[in-house]
Amino acid sequence: MQMGEQPPPPAKVYYDGCPGCAMDSKKDSRQGVPYKELLFVGATTFASALPITSLFPFLYFMIRDLHVAQREEDIGFYAGFLGASYMIGRGLASVFWGIIADRIGRKPVIAFSVFSVIVFNTLFGLSVKYWMAIATRFLLGALNGFLAPVKAYSIEVCRPEQQALGISIVSTAWGMGVIIGPAIGGYLAQPVKQYPHLFHEKSVFGRFPYLLPCLFISFFATLVFISCAWLPETLHKHKGLERTVEMVEGSTAQESTEPPKNSLLKNWPLMSSIITYCVFSLHDTAYVEIFSLWTVSNRYGGLSFSSKDVGQVLTIAGASLLVYQLFAYRWVDKTFGPIQSTRISSALSIPVIAAYPFMTHLSGIRLGVPLYIAAILKSVFATTRVTGTSLLQNNAVPQEQRGAANGIATTAMSLSKAFAPAGAGIIFSWAQKRQHATFFPGDQMVFLLLNLTELIGLILTFKPFLAAPQQYK
């Protein structure tokens, strides 16, 4: 090469018959957003997230109807363990599903996970004993290995400059599912009581008052499961395949941009972001359960809402996430980046949560307006945090470790989320018995502890606790 000449474009190797190479080739030839793939990501994520929190609006009433609690004050205790069973199951199996996704592909794990939602979510609605409810929720969590492969998938269908959008689709769809799930539970639980002109007491929904919301979610999951047939694979499978070489101008070849393959447990940028992610996940899960229990409680400092009222609040909060995703998040990520946006959203969550206990003194529209605003802001801040930490995790490892890395993250997060509902239920039950205490009485203590957890997560986003991947330094 003579002086002054431009070097030739780098050669990128593609293997015929490899689905990952086919996806890379498609990304190199496409400049726009992969709308079709991201639509699949959003739909499957939404379907898998719906059953996680759909039981919270009727959990109080379900525990009462199962006759497992001896006193009303003990309902929160049993509700906490039922809420935790899903996360315990997911925590025990997530690393396994992440490793499977790295070996056989993202698509089969995603499809199987959606199928498990159809089966075990329906069985949960048919539960007539406390042990049956616990068992079906545990199996739903253990067999739903969705989250690890879908985060890897959302990165792998996008060009580097679009990866924030891909992860934000997962976070937003997951956040909407976690929020709209309780809305479905609130509107459709106990249909004989809520809609006596449509449902007869001697019908199947009279015998199983919590089946209808579960069937509704399972029906949607069935449609998503069918659509998985058109989901393209992204995992590279090169063994026994012939390769072709293409000259790609300005290539962003995976080999040149990804971090080296190292031990995941010794990868501090990965592990530090997972720790931060787990603290925020613990907080968000505890918040959803406490919010649902607090709003329906009528004797111990709550708002005396019906399950339908709670569902309405959470529906509006979930719809706000879609608006935020479409019109605001990409600007937030471009302006602040994942680390700064996580810090800002965490800091702004603290005054929002601190305002909740003072709303018990309000009524009518003076209660409705601040409650809706607070619920919307909390949902937006939570989604921003989850998206930021997920971006850090997925860019700290190469593709062949991405499923396992997300499996570790999901396991750790699931264990924290398993503790969250059980801990939140116990704390809420304890707080109800100290409404007249001098130091942070009743619900004030509950929301104080939520804010302390948020503060810990905020501190963990700074050095030396958080180590950013190379591209964010």
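Note that Cβ sites are derived from N, Cα and C of the backbone, with glycine treated the same way.
The feature domain 'Major facilitator superfamily (MFS) profile' is assigned by TrEMBL to 37-469.
Annotation comment: TrEMBL describes 38-63 (among others) as transmembrane segment.
Annotation comment: TrEMBL describes 75-97 (among others) as transmembrane segment. Residues 51-52, 55-56, 59-60, 62-64, 68-69, 109, 113, 130, 133-135, 137-149, 285, 289, 293, 404, 407-408, 410-415, 417-426, 428-429, 432 of the same chain lie 6+ residues outside the transmembrane segment (75-97) yet bring a C-beta within less than 8 angstroms of a C-beta in it.
The transmembrane segment annotation in TrEMBL covers 109-128 (among others).
What TrEMBL records for 134-153 (among others) is transmembrane segment.
Outside the transmembrane segment (165-188), and at least 6 residues removed from its termini, the chain residues within Cβ reach (under 8 Å) are 33, 38, 41-43, 45-58, 147, 150-151, 154-155, 157-158, 194, 210, 212-213, 216-217, 284, 288, 292, 306-312, 314-315, 317-319, 321-322, 324-325, 329-330, 333, 379, 382-383, 386-387, 390-391, 394. Marked as transmembrane segment by TrEMBL: 165-188 (among others).
According to TrEMBL, the feature transmembrane segment maps to 208-231 (among others).
Beyond the ends of the transmembrane segment (314-332), by six or more residues, the same chain brings 57, 164-165, 168-169, 172, 175-176, 179-180, 182-183, 186, 341, 372, 375-376, 378-380, 383-384, 387 to within a C-beta distance below 8 angstroms of the stretch. According to TrEMBL, the feature transmembrane segment maps to 314-332 (among others).
According to TrEMBL, the feature transmembrane segment maps to 344-365 (among others). Sequence-remote contacts of a segment are chain residues at least 6 beyond its ends whose Cβ falls under 8 Å from one of its Cβ atoms, and for the transmembrane segment (344-365) they are 280, 287, 291, 294, 301-303, 336, 371, 374, 377-378, 380-382, 384-385, 388, 442-444, 446-448, 450-451, 454-455, 457-458, 461.
Among the features that TrEMBL reports, transmembrane segment is placed at 404-430 (among others).
Summarising the annotation, TrEMBL assigns transmembrane segment to 445-466 (among others). Here the transmembrane segment (445-466) has long-range neighbours at 272-273, 275-276, 279-280, 282-283, 286-287, 290, 294, 339, 342-343, 346-347, 349-350, 353-354, 356-357, 385, 392, 424, 427-428, 431, 434, 437, 439, meaning same-chain residues at least 6 beyond its ends whose C-beta is under 8 angstroms from one of its own.
Sequence-distant neighbours of the transmembrane segment (134-153) (same chain, 6+ residues past either end, Cβ-Cβ under 8 Å): 41, 44-45, 48, 51, 55, 81-82, 85-94, 96-98, 100-101, 106, 109-110, 112-114, 116-117, 120-121, 123-124, 127, 167, 170, 174, 234, 390, 393-394, 399, 402-404, 406-407, 409-410, 414. Within the chain carrying the transmembrane segment (404-430), a Cβ under 8 angstroms from the stretch's Cβ atoms is held by residues 73-88, 90-92, 94-99, 101-102, 141, 145, 147-149, 151-152, 264-265, 267, 270, 274-275, 277-279, 281-283, 285-286, 289-290, 293-294, 393-394, 396-397, 445-446, 449, all 6 or more beyond its ends.
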